[in-house]
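**Q** Annotation source TrEMBL lists signal peptide at 1-23. Taken from TrEMBL, the feature transmembrane segment applies to 244-266. TrEMBL lists 308-587 with the feature domain 'Protein kinase'. Per TrEMBL, ATP binding site is recorded for Lys336. As annotated by TrEMBL, compositional bias 'Polar residues' applies to 590-607. Residues or ranges marked as compositional bias 'Basic and acidic residues' in TrEMBL: 616-626.
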Amino acid sequence: MDTFKSFLLFLFFSLCFSRLSLSYEPRNHEVEALVSLKRALNDPHGVLNNWDEDSVDPCSWAMITCSSENLVIGLGAPSQSLSGILSATIGNLTNLRQVLLQNNNISGVIPPELGSLPKLQTLDLSNNRFSGVIPPSLGQLISLKYLSALLLLSCNESRRLNNNSLGGPFPVSLAKIPQLAFLDLSYNNLSGPVAKFPARTFNVVGNPLICGSSSTNVCSGSANSVPLSFSLNTSTGKHNSKKLATALGVSLSVASLILFALGLLWHRQRQKNLTILKISDKQDEGLINLGNLRNFAFRELHQATDNFSSKNILGAGGFGNVYKGKLGDGTMVAVKRLKDVAGTFGESQFRTELEMISLAVHRNLLRLIGYCATPNERLLVYPYMSNGSVASRLRGKPALDWNTRKRIAIGAARGLLYLHEQCDPKIIHRDVKAANVLLDDFCEAVVGDFGLAKLLDHADSHVTTAVRGTVGHIAPEYLSTGQSSEKTDVFGFGILLLELITGMRALEFGKTINQKGAMLEWVKKILQEKKVEVLVDRELGNSYDQFEVGEMVQVALLCTQYLPAHRPKMSEVVRMLEGDGLAEKWAASHNNTNPTLNPLHVNNNTKRTCRPTAASKHDHLDDNGQHDQSSMFGTMDDDDDDHSLDSYAMELSGPR
């Protein structure tokens, strides 16, 4: 009996031990490092709230970018009012390629552990409150191309920015970084001699530095003007070589004249050839130097797109054509060639747009790789999205399943939320549509074409411009007055939700059953009658959740209410799509007194015939009121449809 009890006791403890062993799961070291970073920072706006220490996957967190292998490769939280210190645990994120923490209030020393990030290419700590010396360990960053730890003016140049207070000797170790192309250490308190740097753009203004290793001159500008000192010792046989020197001088003069003549002839012939090709001789000279963006030579993009061949056009819109390209290293890109450069994009405006795009870093926003700026050309270079746009995929085969459509809706909403509430200054897209939401290799939503949107400072509530947008997606107040705000984008997003549900473009859904009257009033009626299956894309069959469809229709109707003040903010939209607060918001919407939800009216006296969904095409206008065939970087849309635009009886020529 005692033996049996002992056996049971042994079995009990063995099971307990096994349970404890099985319940133990090793934590993701990247999660631990990021949580430590969060704890060391003060986050007044709560932008890091979803950094959950119990999570095993940080790739869904805000401000984090991951690779296709789900490794953290980017940390981007610029202009978020973060304070506190930068934890040394950042050195444990060994796959980091980009750290963007500029325009915050982070203090303390720059952690030496940053030097243990072998893949780091971009480090921007400018406009913070860092003090102490620049760690020599940064010289170990063999992949580093861009380093900024200084004062940088943001796009809102009226804002007063603070300097860092980095001191000590000039970091000679940085000269050992072979890939360094941009170094800016201006407006600190660095001292000592300046070493010779490989950086093409090198700014040390505002430091008590000494230019040149043997010079006593104080540095006053960029390193491009730093004089190089050479010790030239003449030989003792100088007088004996006078005749030889004279002979050599005459010979060199004659040779120089011959070479000059040949060079002049070559230059004239080259100019003639370039004129025929309409390529400026200065096409390769970038007007703008932004170190965290690659400055492409015009000829490189010219060659990558096969001379901007029409066969490589991915989309054609109001701002210009988008071309598929292949760089010399095999990287596939999408090149947006902006048209009407002289009239629309001056150097100053283009600089502002680029600075804003580079600061907008989010996993659901299309990342700008680089640019090309010449006297005659403005080009933007983006990653090529092989899965195309949501617009093209909704019409393609196989059909997107319901879960993918939900994920696209939430991803696009998060991207717009970042533009509206986490960018400083905020960015209004002004043309939210399925063709401008791209899909990455994992069918995650990536909002594109926001870089050319009008920018707002927080001091303004709206901006008045010429109406730009797509028929069926334009908010009523924007169409009639030219005034756009975040709520203009919310309206367009609501239409996007209906496109995801129906699989049809804005002007197409509802026509299949001869409906009459206001389009969205009809959608609301369908919802009230609990007939949402009428709205669902036929390609889905029965493979969808009717309750989830009903909820998404509710969110769409809330987003497309007639008065902008009644529409939710994108932060509320994200919460509702994630299942939080929809019932309360929907109930509150019934207290609104506006007679109609939306001015998408159909002429009651016009008969509509049923058109098959398989033949639906996107019909929209570009900035000049012309048909826009832009699907951004996916398959080109065919828009020569015969639809009349009587559902939008106002022309899009500008504000009235």
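Residue positions begin at 1 at the first shown residue.
In case you wondered, yes, glycine gets a Cβ from its N, Cα and C as well.
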**Q** Near the residue listed as 'ATP binding site', how many other Cβ atoms are within 10 Å of its Cβ?
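**A** If we count other Cβ atoms within 10 Å of the residue listed as 'ATP binding site', we arrive at 27.
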**Q** Mean pLDDT over the domain 'Protein kinase' (308-587): what is the value?
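**A** Mean pLDDT across the domain 'Protein kinase' (308-587) comes out at 81.
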**Q** Three-state secondary structure of Lys336 (ATP binding site) from DSSP?
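**A** Reduced to three states, the DSSP call for Lys336 (ATP binding site) is strand.
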